[in-house]
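Features reported for this protein in TrEMBL:
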TRANSMEM  B:7-25  transmembrane segment
TRANSMEM  B:37-63  transmembrane segment
TRANSMEM  B:75-94  transmembrane segment
TRANSMEM  B:114-137  transmembrane segment
TRANSMEM  B:149-168  transmembrane segment
TRANSMEM  B:188-210  transmembrane segment
TRANSMEM  B:250-273  transmembrane segment
TRANSMEM  B:329-349  transmembrane segment
TRANSMEM  B:361-379  transmembrane segment
TRANSMEM  B:399-417  transmembrane segment
TRANSMEM  B:438-458  transmembrane segment
């Protein structure tokens, strides 16, 4: 190190001075060194280099910065588009207003259209198509069939077939439920869960398929794994549940939650695919815990449509339900139970209203597949009508939300983690190799 | 608006063009800087900009009173410092101490109910409070005359350093604002090197380490082996260094491009042979601020040996508290305080640098591990979390390791790290020797590679929360 400094110094001393300007700069810098406090080593070396810097003009630097920026934008064009979608919930290169093209409502045809979207988006869309051909669309069509069942099914033979499959799936589920219940030796759950779920979203005007069967109790053994997915809300909660699961039951878990993600922008992060991949890769996963919401109440692009689907529009809802159904379908295919956390109240009015709406979608899709939906508002001491950062506990008020009005404090995270743990029943394995 | 976001990059290029178009009018450049700084603060919240402006007016008033009042200058200084500290305490610490204060009031049978208020901590408040303290003290010491109001406003709000430092001293920074001669871009090659290094450190290396090593291991330490948990600690130490020093590099580079010189904040801290030296290399602007405005006024090392150690503990505890209102930060500060006290005691009885003289690498090894241990409290928000980690670290010897390759990589990094010292200067030198026509190609290539390997998403600046 020292020899390097000396050689640099010597180089500077021996180097002929090019012009007066450089000499002055050198003097100025030396004076500055004496007044500013800077670590000795760096200061000494940087002096040797200033003589080389002198003549870079601001114009040249501007051109340099501009060229670099343009080139990087060109290289990462697709990533930047995705970033803009996620951040501004619109395509900045598409000047059109964000409206839904309602006339193209025929979902069967429109979703199958292929267009020139980025690579990841195409992947995401492939998944959507896959699901349509399986169960998920059936949920949608089943919903429609409640409203106008005979007309709808008469027109579309595909839907008739799907409905039959859906019915069969329900029969299989029922049988599986009975078998599992017998195997676990667990009595049926009381009715209270439904009332809890309903109190979560007081303004639901949504008519969905009535719940045929209550969800099975969540039972895990030492050999099972729990899989956490979600956004920054889950990032806060999952570590506590992971610790509790391991401490209490030695149950391992996997947490892939990632901030700023959800179901709205699969080309930014494709959750249905990620979940499916992980469920295939790790058959030990028996419970999927999901927590999404605040990143989703925005318009998003839909393949085959020139403009963004407007949040809460029919097209938006259809697409979003498909994505929820894809997740639930993956879980079903791999015999994994789902515990979905309702998005709690938010301080900002618009975001809060978005969460109420999203919860209705989550809840109704979960009811169709008889999975668990966990209310979070009561746990955090707020309602959708009245936001609060605090929950009253005896005489004291515990702060459960941080000041951004979205995320949780450590206390809030622990409360939710405990609530998740309360939903999980640990079953000892026969043979006594578990705790 | 994150300084590593695409938006900031593009806005900065436009700003750079406008700023240097008025090269001959430094006063106007100051106005531009002031406006852009307030816009950036306002982009977080309009309230933050209003709070900053009111604070600026208040501190300026105190500085004028200190300068004009001959008899009561000291009183005005105390008032000014109290105002600054109360402002900081109200915004940053009120919520933290509310529980304790309420318990105390209840204990004293005082029927006062402290309000439960939701206050957002204004962005950069910790930093501009420290800037203002250095200004008030310099005025009192007559090192500076009262600055012009708008110059002072720019000193407090200067956008490269308001979010997360470095902490500027009025004595060195105000003269850079109050220039009448045209400014010039300072050390452009160094500025470029710093900006590219920042992207590499924060986006790529810091992001990868965080995503692959820190987050999974810290999310449930109980599942991991002792070796893995060591990797977790090492990795977090690396991540926080890369994140914070990368941020400092970025803002220093930006400031140089605007013709300003910010104090150096990092000097390869993990090469330190002991904890004292670490604080001479880590967050230098903070440690020097604490030395000059807390440790020395408390008496420094001028009094007895015991008193010196008490002063050290006070300074380090306050340093911990400054990082955030949380018991974890206080413990972190206490660990550093205890470490330095132990070092002082050893120096007293064995002679200064006893271990360093015998084996520098062991000295560095011990220092590195102690620092990694203290970072545990920095990361964990509560004491039970940290204790869980320590329990697992001391018990999980028999669990299979998942991070053996990572552990070996870190060992290699530890050994070759001293060779990295000259990389920034070497890069600067090489850039300055390169044909200018090739510069954009070099930058594009490096940044393309860096962003390619980096995980998706704009990383957070850890220190922006403080």
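The backbone N, Cα and C atoms fix where each Cβ goes, glycine too.
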Seg_contact(the transmembrane segment (B:37-63), the transmembrane segment (B:75-94)) with at least 3 CB pairs under 8 angstroms, min sep 6: yes
Distant-in-sequence neighbours of the transmembrane segment (B:149-168), which means Cβ under 8 A and at least six residues beyond its ends: 3, 30-31, 33-34, 36-38, 40-41, 52-53, 55-56, 59-60, 63, 123-124, 127-128, 130-132, 134-135, 174, 177-178, 244, 247-248, 251-252, 254-255, 258, 260, 262-265, 283-286, 289, 461, 463-464, 466
Chain residues outside the transmembrane segment (B:250-273) and at least six past its termini with a C-beta under 8 angstroms from it: 3-4, 12, 16, 19, 33, 158, 160-161, 163-169, 172-173, 176, 183-188, 190-195, 198-199, 202, 237, 241, 244, 280-285, 353, 355-356, 360, 363-364, 367-368, 371, 417-418, 420-421
Leading contact stretch, B:188-210, B:329-349, B:399-417 vs the transmembrane segment (B:438-458) - CB distance under 8 Å: B:188-210
Same-chain residue ranges lying at least 6 outside the transmembrane segment (B:329-349) that approach it to Cβ under 8 Å: 274-276, 279, 305, 308-309, 312-313, 315-321, 323, 370, 373-375, 377-378, 383, 386
